[in-house]
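Participant: This is the structure I want to talk about, given as C-alpha cells.
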Amino acid sequence: MSVPRVRSFIPRFAFKQSTASSQNVSGEEKPPMAFTASAQPCRVHPPCHFSSMKMLWIGRRNDRSLYRNFSSDKASLPMAGLGNYSRACVMHSVDEICRILDNIPLGTESEDALSAVVPKPSAELVIGVLRRVRSFRAAMDYFRWSEKVIGEPHRVEVYNSLLLSMANHKSFESVEKVFQEMSLLGFGPSPNACLELVTNLVKSGKVKEGVDLIEKMRKFSFRPAFSAYTTLIGALAYAHEKDLALGLFNQMQEMGYEVNVTLFTTLVRIFARDGQLDSAISLLDQMKSQSFDADIVLYNVCIDCFGKEGKVEMAWKFLHEMRTQGIEPDDVTYTSMLGVLCKANRLDEAIELFEQMEIGRKFPCAFAYNIMISGYGSAGRFDEAYMLLERLREKGCIPSVVSYNCILTCLKKKGIVDEALRVFDEMRKDAEPNVYTYNLLIDILFMAGKLKMLLKFGKSWKMLDCFPIY
C-alpha cells in the first residue's frame, strides 16, 4: 500500500482501539499505542511542516526501507498484530521521526519536532525508529528522549532493539552501560541480540573484543547464547587464538551447554596444526570420555594434521580406527593419507592404498591421481607417472594442467630439461598451460642455460595474454 495515498481514506483522527482488538490471541493485553488515543491526531497526511524548523517535505521513501532487517530478528517486526490503519500510522510516524533524527542533532528544535509527531511514543514505534535510523548516535538519542517523555524505563524488547542497532552500526562503546541498565531492570540480552553483537565484532576483525563482550555479559550474570559461543570459537580458531578458543569451550560446559563433535573438531584442528599434538590428543580423550563418537570430518582432520606433523603411524591409526567404527573413507580421507605417505617417502604404502581406493570406482579421483603422480615423480619413477596419465585417459578423463605441472615440477627438481620440454609439448594436446606452467619452464630453461629458447615462448605468452612472474 502506498503511504502518500493514505490520506484519502484514513480520517485525520484515529478511533480508539476497542478492548478486544487490543488483545492478542493468547489473551494478553497489548500496551496501547500512544498515538491512537482519541485525543491524538493520526497525522498520516503527507505534509510534514514544522514552522519552528522551516522544514519542507523532501519525499517519501519506499515502505520496505522503513525497517532494517537483522539476520537474527526477521520474525519479530514491531508491526505484528496491528491493523492496516494503525500500521500505516506507525510507518508514517517512523518515517517522519527518522527524517528529523537523520538531519538535525537532538536539541530544543528537534525535540519539539519529535513531540509534534508523537508526544508519547509506544514501544512499537521506538523499536521501528531504532531499526530505521541511519546512525547509532541518533538511535541512542531517540532511545533516551523517548524514555524521558514516557516517564518510565523501556521494555526489554526496546533494549534488545537498541543492542541490535548497536551491532548493525558496529558501535560498541556503550554496550557495558546498556548491559548495566538491563541488569538493574531485571532484563537480559536476547539470543538474537547476543549473536548479532558477536557476529558484527567478528566481521569487524575484533575477535578479542568478542571475548571481552562475553565476559561483560557474564559480569552482569547474563547467559551468552550458544550460537554466540560457537561463532566466536570458530573465529578464534581461524585467527589461531587457540588458548582463547579453548577457554570459551570450557566456559560453555561450565554454564551447562552441551558441546558437540563439531566444536571438538575445530579445537583439535587448531592445536594439531600448530604442532601441539598432546593438547589435540587430550581433547580427543575428553571427547571419548563424554561418549561422543568421532565422525568422518574429525577423522579426516586428524589424519591430515597428525600426518603433516610427521606422525605417520598416528595417521594410519586414525584410518584403521574409522574403518573399525564402520565409517567408510571418502576421497578426502584417501587424498590426505596419500599425501602424508608420499611426503614421508613411503611410496609403496601409498601405492597399495591408492589401489585399494580404485577398487570398484567408476570415476577416478583427480586429486588422488595428482598426488600419486607427484609421488612417482619425486621418486624419479616417471614412467609410472606417465602410466597414470594414460590410466586417466582410459577412464574417460583428460589429464589436467595440474597433472602436467606435477610432472614438470619433479623434472625441474631432477634437472631433466629435455624430458621437461617434451612433456610441455605433450601437455598442449590435453590442457592449456597456465602461468605456473610457464614459470616452471622459465626456471628449467635458466637452469639448463638455454636462454635463447625463452624468446621462442615469449610470443606464446603474449598471444595468450599470459605474463609469467619472474
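Glycine residues also receive a Cβ, built from the backbone N, Cα and C atoms like all the rest.
For reference, TrEMBL lists these features for the protein:
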REPEAT    155-189  repeat 'PPR'
REPEAT    190-224  repeat 'PPR'
REPEAT    260-294  repeat 'PPR'
REPEAT    295-329  repeat 'PPR'
REPEAT    330-364  repeat 'PPR'
REPEAT    365-399  repeat 'PPR'
REPEAT    400-430  repeat 'PPR'
Participant: Using a Cβ cut-off of under 8 Å, list the residues of the same chain at least 6 residues beyond the repeat 'PPR' (365-399) that approach it.
Facilitator: 331, 334-335, 338-339, 341-342, 345, 347, 350-351, 354, 357, 406-407, 409-411, 413-414, 419, 430-431
Participant: Who are the long-range neighbours of the repeat 'PPR' (155-189) in its own chain, taking Cβ under 8 Å and residues 6 or more past its ends?
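Facilitator: Same-chain contacts beyond the flanks: 68, 70, 73, 76, 123, 126-127, 130-131, 133, 135-137, 139-140, 143, 196-197, 199-201, 203-204, 209, 213, 216-217, 219-223.
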Participant: With a Cβ cut-off under 8 Å, give me the same-chain residues at least six positions beyond the ends of the repeat 'PPR' (190-224) that come close to it.
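Facilitator: Same-chain residues near the repeat 'PPR' (190-224) but 6 or more away: 70-73, 160, 163-164, 166-168, 170, 172, 175-176, 179-180, 182-183, 231-232, 235-236, 239, 241, 244, 248, 251, 255.
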Participant: How about long-range neighbours of the repeat 'PPR' (260-294): same chain, 6 or more residues beyond its ends, C-beta under 8 Å?
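Facilitator: Sequence-remote neighbours of the repeat 'PPR' (260-294) are 230, 233-234, 237, 240, 242, 245-246, 249, 301-302, 305-306, 308-309, 311, 314, 322, 325.
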Participant: For the repeat 'PPR' (155-189), provide the mean pLDDT of the predicted model.
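Facilitator: Result for the repeat 'PPR' (155-189): average pLDDT 97.
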